[in-house]
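Since the structure comes first, as structure tokens, the remarks are kept for the end.
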Amino acid sequence: MLRGPERLVKVSVAPVAALAVALLSSLSRCSLLEPEDSAVSALSPYFGTKTRYEDANPGLLADPEAPRRDPELLEDTCTPVQLVALIRHGTRYPTAKQIRKLRQLHGLLQARRPGDGRAGSAGGRDLGAALADWPLWYADWMDGQLVEKGRQDMRQLALRLASLFPALFSLENYGRLQLVTSSKHRCVDSGAAFLQGLWQHYHPGLPPPDVADMECGPPRINDKLMRFFDHCEKFLTEVEKNATALYHVEAFKTGPEMQNILKKVAATLQVPINNLNADLIQVAFFTCSFDLAIKGVKSPWCDVFDIDDAKVLEYLNDLKQYWKRGYGYTINSRSSCTLFQDIFQHLDKAIEQKQRSQPISSPVILQFGHAETLLPLLSLMGYFKDKEPLTAYNYKEQLHRKFRSGHIVPYASNLIFVLYHCKNAKTPKEEFRVQMLLNEKVLPLAHSQETASLYEDLKDHYKDILQSCHASEECELPKVNNTSDEL
């Protein structure tokens, strides 16, 4: 079992009456985000896994359908013959749990005494009163589902990739597309939206048919591949269900950085500090991000925080990702070895078919999952690893850390393996090369910083994972020795 402190500081949550959710008419009360709105653009880089794809890829703001060709992509004598893409779902609604916490916070604001609604000492507007009057339009049924912006994320990604790799995404190959997805609706719907984007690429102006009627068929659900963490008993027991596994997350919540924000927010909103906790502060921060990502509007929730607050709240989110999905525990990444091996099995098969002068049966493989799918895999491959672990006590030392989830796995993030066949190769080994792209930018190899690798060299570097990492063994719980040495 993982070892942690014997007890954690418990976070108290003040009970409040549930607040009825307002209708979508609240949109009319939102001020549309303007490009020069410095407050929102200043907070946007710090939303962690709730970050918009275009904030991690700013070049898309001008034209989200135009491909951005990385100059490091291979060309000339090397031709792409297969593409394997792991894609996180597009922008989604908050989960029901997050919505309940937001209602709780909204209820606190509405329960303030009349005398609490005074203007601030500087004579400014009462932000707490403004937020109390701000309609909540989130409803329980939304529970993490894909929003229209998320479908747009996927359609536009499809258009860009089809333009970037026209030979692979040719109409001739359309029927040979292979799509796999997590069973979660937001992933299934992301796959469907991606196919609609491809239809738009092939048939501009024509409405797409139902996904079930498309030639390639709908995405195939495979949770053992795309939600491997749900099928790994060791991860579930030692991390997911272990109260001490996220010790550093809980310790940071009660540490000086978060406590300073807690005091500031209590004073700003004019609510008793005892009624607030780190979870409510975080959901308020995320509400700013949800309103921005889903509707493209700036809500008053964004005015509660400044950049220094945002950096602390980003670190809180990154701590959770680090200890639950990243380098915190070895099983986090080792549980993804089946997915890693699956990618190389596709590449192996394509090479074998190419060497036999056969058509490649699956030139494009698209796999739709979660941030929790991508982060363990990238950690398994050695990416974004800092010299020192992220802890509750080294926030300042980690200000320039590599592990920033919003820069790695925003909504619609994607990790793409491109296999090339290179003419004029001097040896058979040099005939096949691989490049990886993260969020449509070439990802240098973790071990060499080269932008491309001979396929055999890449396999050799990861031979331990490819040959010795077996999920059945990695995920097996250690056998408990019931024998007793007592006399």
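Heads up, residue numbers simply count up from 1 along the chain you see.
Positions of Cβ are set from backbone N, Cα and C atoms, glycine also.
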TrEMBL annotation, disulfide partner among C78, C187 for C422: C78
Site of maximum Cβ density within 10 Å, from disulfide-bonded residues C78, C288, C422: C288
Euclidean distance between Cα atoms of C288 (disulfide bond) and C78 (disulfide bond), Å: 45
Integer Å distance between the CA atoms belonging to C422 (disulfide bond) and C302 (disulfide bond): 51
Nearest-integer angstrom distance between the alpha carbons (Cα) of C422 (disulfide bond) and C288 (disulfide bond): 48
Cβ neighbour count (within 10 Å, all chains shown) around C302 (disulfide bond): 23
